Amino acid sequence: MRFAPIPCAVGLLCCVLVLCSVPLGTSFPVQDEGKPGITFLEEVGRLRVGFNWRNLTCPVCKVLFTILDVALLSDVNEERVARAVGEACIRLHLAEERVCRQITELFRDDFIRALQQSLLWPSEACALLVGRSCGRFDIYAPWNVTLPRIPKPPVTPPSPPKPGAPQSRVLFLTDIHWDQEYAVGSSADCKDPLCCRNESGSPSWNQRAAGFWGSYSKCDLPLRTVENMLENAARTGPWDWVYWTGDIPAHNIWSQTRKQQLSELTVITRLIQRHLGNLKVYPAIGNHESTPVNSFPPPFVHGNRSSRWLYDTMAEEWAPWLPEQALKTLRHGGFYTVEVQPGLRVVSLNMNFCARENYWLMVNSTDPANQLQWLIHILQASEEKGERASDEKGEWVHIIGHIPPGLCLSSWSWNYYHIINRYEGTITGQFFGHTHMDEFQMFYDEATMTRAVGVAFIAPSITTYVNLNPGYRVYLVDGNYKGSSRFVLDHETYILNLTEANRQPEGGFSSLLPTTSQHAIFHPDPNPKWILLYRASDAYGVSSLFPSDWDGLIRTFLQDDRVFQQFWYLRHKGHVSEPCIDACKTTVVCFLRSGRYDELEQCDLLEFGGDMVSAVRKTLC
C-alpha cells in the first residue's frame with residue numbers, strides 16, 4: 001500500500017507515533033545519532049493526500065500527550081479521550097469531520113490498549129511526531145538475532161545459464177486494492193483520502209470524473225478491472241507458479257470492518273483460483289488485510305484483539321495452495337515456508353512485524369513472533385542440504401513479503417540485512433510490493449558496503465493509487481534442472497493504459513454504464529488490452545539481472561541521465577508528469593541503494609562522486 005500511514009494517523013492523534021515513525025535504535029554497528037532524522041511532519045507534507053499535520057507544534061503536542069497519559073490512567077476516561085482526539089482532528093483540520101470521527105472510533109480500543117502497555121512518555125511521542133528537537137524517542141531498543149556458529153561457506157558468483165536452459169515463468173501480483181464502492185462518474189478529486197466512490201459526490205466543472213476501468217487519481221480499482229487483469233494474465237501464461245504479496249482492500253481505512261476484510265479476502269482468493277486454475281499460488285500478507293490497518297498484534301496478544309480472526313480465514317481460503325505445516329505457522333504468525341520444486345523453497349514473511357506503522361510493536365518490537373530467528377533456521381537447513389560450490393543437492397530459497405525490508409523498523413532491517421549477508425549463497429531471490437512503484441533495493445556486503453550480495457525486487461501495483469496505470473509483473477527465473485541457480489534472469493511489466501481503456505473512439509458501450517454526473521460521458525473499451533510496457537534486459541541493455549547487474553545499473557543512472565529518466569518513466573508504469581532531476585534523482589538513487597533502513601538516513605554517494613545525503617526524504621507506507 002502506498003501512503004497509508006496518513007489516513008491511518010488521522011484516526012487517533014496519538015496513532016501517529018508509530019504510523020510513520022523513524023526509530024533510532026539499530027543492531028550491529030551503531031548509527032550516528034548526530035545525523036538529522038526524518039520527521040513525521042516532513043513526510044506528510046510530501047505525501048499530499050489531504051491532511052495538514054503542520055498545525056501541530058511541539059508545545060501543543062506535549063500538552064496533548066500529557067493530557068492523554070493522565071487520562072488513560074483510568075479506563076473510564078477512554079471514551080472521553082477518544083472524543084477529544086476526534087475533536088482535535090477536526091479542529092486542526094487534519095481531515096474531513098466524517099473521516100475524523102469514523103477513524104477515531106475504529107482505532108480507539110486497540111490503539112489505546114497498545115499505548116497503555118507501551119509506557120510512552122509525551123517527549124518520546126512528540127519526538128516521533130514533530131522531530132528530535134521536541135524530545136527523544138528510543139522505545140524501539142536495538143536487538144540482535146542469533147546466527148549459528150557455523151562458518152559461512154565460500155560464495156560462487158552466479159553466472160548466466162547455458163543457451164536454451166529451461167526457465168520458470170512466475171506471475172507476480174501485488175497491491176490489488178479493490179474498492180467495492182468504486183463509482184463510475186463520481187469525483188476523482190474529492191477531499192477524502194480516497195475518491196472515485198459513491199460518497200465522493202459528483203465532480204464540479206473543474207474536477208475529473210472516475211473512469212470505467214480506473215482513474216489517474218487517489219482512487220483504487222473496481223472489481224471488473226481486477227477480474228480483467230486476471231483474465232489477461234491467464235492468457236499471457238502458461239505460468240509455473242504465482243507469488244502474491246497482499247493488500248487486497250481499498251484505502252478507505254476509516255470505515256472498514258472485519259467482516260468486510262474477510263469478505264474481500266475470500267472474493268479475491270476465489271477469483272484467482274477461478275482464473276488461474278490449478279496453479280500453485282504462494283501468498284504473503286499485506287498491511288491492509290487487517291482492520292484497523294497496520295494492526296498486527298504479535299502472538300503474545302490473545303483473545304479478540306489477536307489476529308486469529310484473519311489468519312484462520314487465510315488458512316482456510318489458502319488451503320488448496322499450502323500444505324498443513326505451512327498453514328500451522330500461518331495461523332500462528334502469518335508466515336510460512338513451502339518447497340516449490342525440488343531444490344527451491346519459498347519463505348513468505350509477515351512484514352507487518354517489521355512495520356513502523358504497526359503500533360502493537362510499541363509493546364515489544366524485538367523479533368516479533370521470533371520470525372527472523374525462524375527464518376535463520378529455515379535458511380540454515382537449506383544451506384546444509386549441500387554446499388553449492390561442490391554439488392547440486394542443495395536448496396535455493398526465495399523470500400516473498402509485502403513491505404520492502406529497507407522501509408522497516410531500524411533494528412529489524414539491520415538484522416534482516418545481516419541474514420541476507422550470511423546466507424547470500426542460499427537466497428537467490430527477494431520479492432516485495434507495497435510502494436506501488438516499479439523499483440528495487442540493493443544489499444551489499446557489510447564489511448565494505450561495495451560488493452552487491454542481493455537485490456530486493458519491488459513490483460508495481462495492480463491498483464492505480466496514486467495516479468498510476470494498473471500493472472503486474474512477470475519474473476523469468478532460472479528453471480527446474482540440475483545445476484540451476486534459481487536466480488531471476490529477466491522480468492516483464494504489463495500495464496493497462498487507462499487513457500486508451502477509458503476512451504473508445506466508436507462509442508456504443510457507454511449506454512451500458514451507470515453514471516452519477518452529467519459530466520460522466522464515457523466510451524470505454526469493453527475489451528481493453530494489457531500491453532507489455534517493457535522487458536528489463538531490453539530496456540536497460542543488460543544480459544542478466546544478478547545483484548551485480550543492478551549495482552552496475554545504478555552507476556549507469558548517475559553517469560547517463562537518459563537511462564535514469566527512462567527508469568523514472570517505467571517506475572511509474574508509464575504515467576509520469578515531469579522528469580526527476582537534482583534532489584529528486586539523488587533521493588531515488590539513495591533509495592535504490594538502501595536495502596537497510598539506516599542507509600536511507602545516511603546515504604553516502606561519495607563513491608559515485610556525489611555528496612553525503614544526511615537524510616533521505618522518502619518513506620512509502
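For all residues, glycine too, the Cβ spot is worked out from N, Cα and C.
These numbers come from a predicted model, not from an experiment.
As annotated by TrEMBL, signal peptide applies to 1-27.
Taken from TrEMBL, the feature domain 'Saposin B-type' applies to 54-138.
The disulfide bond annotation in TrEMBL covers CYS58-CYS134 (among others).
Taken from TrEMBL, the feature disulfide bond covers CYS61-CYS126 (among others). Taking the Cβ of CYS126 (disulfide bond) as reference, residues of its chain lying under 8 Å away and at least six apart in sequence are, in sequence order, CYS58, CYS61, LYS62, PHE65, CYS134, GLY135.
Per TrEMBL, disulfide bond is recorded for CYS89-CYS100 (among others). Packing around CYS100 (disulfide bond) is summarised by its Cβ count: 25 other Cβ atoms lie within 10 angstroms of its Cβ, all protein chains included.
Annotated Zn(2+) 1 binding site per TrEMBL: ASP175, HIS177, ASP247, HIS436, in sequence order.
The disulfide bond annotation in TrEMBL covers CYS190-CYS195 (among others).
Residues or ranges marked as disulfide bond in TrEMBL: CYS196-CYS219 (among others). Taking a C-beta cut-off of under 8 angstroms and a sequence separation of 6 or more, CYS196 (disulfide bond) has the following same-chain neighbours: ASP179, TYR182, ALA183, SER186, SER187, ALA188, ALA210, SER215, SER217, CYS219, ASP220.
For HIS402 (Zn(2+) 2 binding site), the count of additional Cβ atoms within 10 Å of its Cβ stands at 27 [all protein chains shown]. Annotated Zn(2+) 2 binding site per TrEMBL: ASP247, ASN287, HIS402, HIS434, in sequence order.
Non-local neighbourhood of CYS408 (disulfide bond): MET351, CYS354, ALA355, ARG356, TYR416, TYR597, each in the same chain, at least six residues away, with C-beta under 8 Å from its C-beta. The disulfide bond annotation in TrEMBL covers CYS354-CYS408 (among others).
Per TrEMBL, the feature disulfide bond maps to CYS580-CYS584 (among others). Long-range Cβ neighbours of CYS584 (disulfide bond) (same chain, at least 6 residues apart, Cβ-Cβ under 8 Å): none.
Non-local neighbourhood of CYS190 (disulfide bond): ARG197, SER200, GLY201, each in the same chain, at least six residues away, with C-beta under 8 Å from its C-beta. Fewest Cβ neighbours within 10 Å among the binding-site residues ASP175, ASP247: that distinction goes to ASP175. Counting only the Cα atoms, the space from CYS580 (disulfide bond) to HIS436 (Zn(2+) 1 binding site) is about 17 angstrom. Here the C-alpha separation of HIS177 (Zn(2+) 1 binding site) and HIS434 (Zn(2+) 2 binding site) works out to 11 Å. For ASN287 (Zn(2+) 2 binding site), the Cβ neighbour count at a 10 Å cut-off comes to 25, with all displayed protein chains included. Closest in space to CYS100 (disulfide bond), of the binding-site residues given as ASP175, ASP247, ASN287, HIS402, HIS436, is ASN287, taking the CA atom of each residue.
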